[in-house]
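Trainee: For 18, 20, 45, 66, 91, 113, the entry in Swiss-Prot reads S-adenosyl-L-methionine binding site.
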């Protein structure tokens, strides 16, 4: 039997499809999400409905975003789901989540078993809509979850860490083995909960500046920040901001990156 076929559907590599089939894991994820009728629940990549069915069973209605035309059609004709779902057959990277929230009249609860080949860019896309999102629960590669929850001074700590923790409180929920999927991926997985901050712990005036600094620092993570950020800050300026110039990107906290971004924004703003 072809191990890429599950419930009559051939898993497409280009969509990064791995279908969840472990009932204990499914129940654990649904319990973690804890959907309640009346909430604006949105699933990204419902696939064959492993999570959609138990979540929809608790709901009067939910929205799903599915790129695969065949899977979207299956959901549209599913006897238990078709009357409960609004189906968007499109790329989640192109979805305006603020519009979905406005239509629902409340912040969104977003979840999904994300295709591993797009999980990082998709999270960056979602971070730009955190004002419209109440919380997010995602199945990801365990390595990505480790990066999301990492602290400074570790190899896992990177730009994704800083930006995720700037926008959200990040909480690991559950580790998931490859055997929970068809076809089995070659990596371990994990579920993570991301709750957008109601009040930013480290407010930044211009998030583009934070993105620029973290990109530049972590693209040259083995260099000291005196070198990697040398075109933006002098060593003296770094010291004034409480940062040792011989530190590397991974040694600087989220709060310190936010401080750098705000300082640089202030220098770029014309004085009145």
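Quick reminder: no glycine exception, Cβ is built from N, Cα and C everywhere.
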Trainee: Among the binding-site residues 18, 113, which residue has the largest number of other Cβ atoms within 10 Å of its own Cβ?
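Mentor: Output for this query is 113.
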Trainee: For each of 66, 91, count the other CB atoms within 10 A of its CB; which of these binding-site residues has the top count?
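Mentor: Within the set of binding-site residues, the most crowded position is 66.
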Trainee: Looking only at 20, 45, which of these binding-site residues has the biggest number of Cβ atoms within 10 Å around its Cβ?
Mentor: 45
Trainee: Quick check: in three-state DSSP terms, what is residue 113 (S-adenosyl-L-methionine binding site)?
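Mentor: Note: residue 113 (S-adenosyl-L-methionine binding site) is in a strand by DSSP.
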Trainee: Give the three-state DSSP assignment (helix, strand or coil) for residue 18 (S-adenosyl-L-methionine binding site).
Mentor: coil
